[in-house]
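Asks: I'd like to ask some things about the structure below.
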Amino acid sequence: MADLTSRVADRLEPVFARLRRTSSDPVKSTRTAVVIGRLLGAAFTICFATGVFSHVLQDYPSWIVLPRPVSLYRVTQGLHVISGIASIPLLLAKLWTVFPRLFEWPPIRSLAGVLERLSIAVLVTASLVEVAIGLLNIFQVYVFPFPFRQTHYALGWVVFGSLIVHIAVKLPLIARYWRSGARDRPRAGAVVSRRGLVGIVGVMVGAVTVTTAGQTIDALKPFNILGPRKQNIGPQGLPVNKTAMQAGVIAVAKSPEWALEVVAGGATTRFDLTALRALPQTTVDLPIACVEGWSQMARWKGVRMRDLLEAAGAAAESDLKVRSLQRNGVTSRMEMPAGFSADPMTLVALELNGEVLDIDHGYPARVIAPGRPGALQTKWLARIEVVS
Ligand SMILES: Nc1nc2c(c(=O)[nH]1)N[C@H]1C(S)=C(S)[C@@H](COP(=O)(O)O)O[C@H]1N2
Ligand SMILES: [Mo]
């Protein structure tokens with residue numbers, strides 16, 4: 001057995017040595033790994049914090065009602081997707097830099113060394129899968145056989161947890177090579193200087209950011225080449241997440257029989273469009289901020305949720321269960337904590353940007369509330385039930 005191991009090792013060592021030599025480059029130094037690592041660490045930290053925030057908000061916790069500033073979620077989710085996209089070139093550059101270390105010899109030196117390599121394997125794998133499924137989600141490709149949000153969230157903890165372990169293990173090196181004066185190896189013969197490399201990575205980060213961030217940052221709108229949803233493009237000047245056709249609601253939404261049911265204390269009150277239009281109308285400016293990273297401000301007009309609840313004999317401040325005409329899918333139902341139902345900016349909207357709601361934006365009536373993820377701004381309302 002020992003004989004076999006040493007024979008395998010004898011064969012493997014020159015292979016590793018060759019791979020190490022061909023993949024090595026003076027620019028792939030510890031200092032470079034630290035320089036790119038700090039940028040990647042910053043991007044991952046922003047992405048993780050905003051991601052946890054978004055995940056928690058989507059579970060309608062009544063203990064976290066944050067309606068102001070109205071664009072808070074727009075900013076945090078914009079940052080989530082921007083930092084996630086920016087982390088992709090950083091991650092690739094980091095892997096390129098440390099790749100030769102994969103072929104260090106001997107590969108197994110100590111138990112601590114094995115554990116460290118395992119934690120790096122987890123960090124690398126989880127990071128690659130996390131950014132890949134995140135990217136697919138931005139492009140609305142839900143091909144994976146698992147629920148996106150829960151998987152992306154769980155993996156986020158794996159990435160962040162193993163990142164903390166990685167940083168802790170590498171702390172002495174990080175401290176030594178943090179400052180720009182730190183020199184590690186002579187750099188003659190490098191394919192590119194460190195400055196050059198950081199410059200190239202910077203240009204790549206800039207390019208992917210500028211060509212996508214316009215889906216949420218108004219000033220970058222003209223450069224939004226890759227973001228799938230374009231600001232101001234769509235019916236009534238607003239992008240559409242899912243059309244009425246895709247949701248299978250055209251006939252029911254256009255039916256003259258339509259009426260919004262408000263269920264409170266065992267009694268059901270039906271409000272048809274005429275009844276809704278007869279209630280006091282309020283206009284608010286509120287953004288749609290989609291989890292997929294696009295967002296846009298819009299002007300909505302309709303009935304305040306609190307006014308509607310009072311017209312149905314319920315308290316303005318009520319926990320609600322909201323149902324869409326749409327039959328299936330997570331967006332067909334939504335819960336609204338009392339903190340939002342009582343908010344003077346929360347509307348059952350009937351109009352968008354000065355016109356009767358387009359069918360794709362939720363005609364005859366939709367919810368629009370301040371500071372909530374787009375996925376909770378339910379379109380094609382059918383029923384609002386007071387839970388408590
Ligand atoms: N019934 C229903 N409501 C819905 C959705 C949906 O698919 N079905 N999509 C939600 C999502 S994810 C977003 S981002 C917003 C987008 O609103 P818009 O399509 O009017 O721009 O609507 C939300 N309301
Ligand atoms: Mo969304």
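Just so it is clear, glycine is given a Cβ too, placed from its N, Cα and C backbone atoms.
Per TrEMBL, the features are:
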type: DOMAIN; residues: 254-387; note: domain 'Oxidoreductase molybdopterin-binding'
type: TRANSMEM; residues: 35-57; note: transmembrane segment
type: TRANSMEM; residues: 77-99; note: transmembrane segment
type: TRANSMEM; residues: 120-142; note: transmembrane segment
type: TRANSMEM; residues: 154-175; note: transmembrane segment
type: TRANSMEM; residues: 196-214; note: transmembrane segment
Asks: Quick one: average pLDDT across the domain 'Oxidoreductase molybdopterin-binding' (254-387), no decimals.
Replies: 97
Asks: Answer with yes or no whether the transmembrane segment (35-57) touches the transmembrane segment (154-175) by the criterion of at least three Cβ pairs under 8 A, sequence separation 6 or more.
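Replies: Yes, these stretches are in contact.
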Asks: Under an 8 Å Cβ to Cβ limit, what residues of the same chain, 6 or more beyond the ends of the transmembrane segment (196-214), are close to it?
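Replies: Answer is 27, 32, 35-36, 39, 78, 81-82, 85-86, 88-90, 93, 138, 220-227, 230-231, 293.
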